Amino acid sequence: MDLCVTIKGVSFLLQTGVGILGNTVVLLAYTHIVCTGPKLLPVDMILCHLAFANLLLLLTRCVPQTMTVFGLKDLLNDPGCKVVIYAYRIGRALSVCITCMLSVFQAVTITPTGPYLSRLKPSLPSLVLPTFAGLWLFNMAICIAAPLFSMAPRNGTVPAFTLNLGFCHVDFRDNLSYVINGVAVSGRDFAFVALMVGSSCYILLLLHRHSHQVKGIRRSQGGGAETRAAKTVLTLVVLYVVFFGIDNVIWIYMLTVAKVSPVVADMRVFFSSCYASLSPYFIISSNKKVKAKIVCAAEHEQPSADTQDSNDK
């Protein structure tokens, strides 16, 4: 195994391990909150769903990618490729859509109540679950082309207009199918990112314009929690936009060539998965509920370890 393959394999392994651990911790923390306390707030529901989407992305893309880099072959047959690629596409789509949903929800939440929002704000919690269902159905429809063209790798040369994922091939057969799929996926992503960036800029504008009012709300109505939540949302949006930009620069290049180098495809996979790996740690560091559950679990384990050491002595 040469140095380049080793570096690539270790990078994917670290990214996958760190991402799966972080998103699993977030999901377990929220599960414990649900089991021991009241219902989750809407923002917590969105963050929990975001962690699930990111975990789905990592399991269906980075895990097989890591195994392929280290030389494992024939991981999946044709039906397996169709299921894994479809699940990956849905997970990736949900990641951007739910981040956008989080940004829009937070923008509406901190907007001063007016005649138009006086009816909308009280109904926001009841809209969260229907929005999740709508996003799932929408992305399942948009991503339906991917499994139709997915197959296990074949011996011999890779045909033109084929995305070589290593463990699977996505063969679009002709240039028209290749471009239509790329435009549909990119168009959806750019639309949600534009809405995400717009709502985030609006949040920044509100925090800047009404800093004194926000301080007053913080003292009287607990607005500090809303401000912290807004800052968390802005951080997640910036993180997503950075990696989204790198991902799509590579994707646009891939659309312009008939045969895509596996190295280029690996670079795109790595950068497109960075958000899924890093975002849970921003959630953990900024969300008091999640952090408290993790600290409580760590403190609960510590006395047990100390007792065991005493017994051994």
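Glycine too: its Cβ is placed from the backbone N, Cα and C atoms.
Copied over from TrEMBL:
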type	residues	note
DOMAIN	22-283	domain 'G-protein coupled receptors family 1 profile'
TRANSMEM	12-34	transmembrane segment
TRANSMEM	40-59	transmembrane segment
TRANSMEM	127-149	transmembrane segment
TRANSMEM	229-255	transmembrane segment
TRANSMEM	267-284	transmembrane segment
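Mean per-residue pLDDT, taken over the domain 'G-protein coupled receptors family 1 profile' (22-283), amounts to 83.
Sequence-distant neighbours of the transmembrane segment (229-255) (same chain, 6+ residues past either end, Cβ-Cβ under 8 Å): 43, 95-96, 99, 102-103, 106, 109-110, 163, 178-179, 182, 186, 189-190, 193, 196-197, 200, 203-204, 207, 264-265, 267-268, 271-272, 274-275, 278-279, 282-283, 286-287.
Within the same chain, residues 11-12, 15-16, 18-19, 22-23, 25-26, 29, 47, 50-51, 53-55, 57-58, 61-62, 65, 92, 95, 165, 232, 235-236, 239-240, 243-244, 246-247, 250-251, 254, 290-291, 294 sit at least 6 positions outside the transmembrane segment (267-284) and bring their C-beta atoms closer than 8 Å to a C-beta of that stretch.
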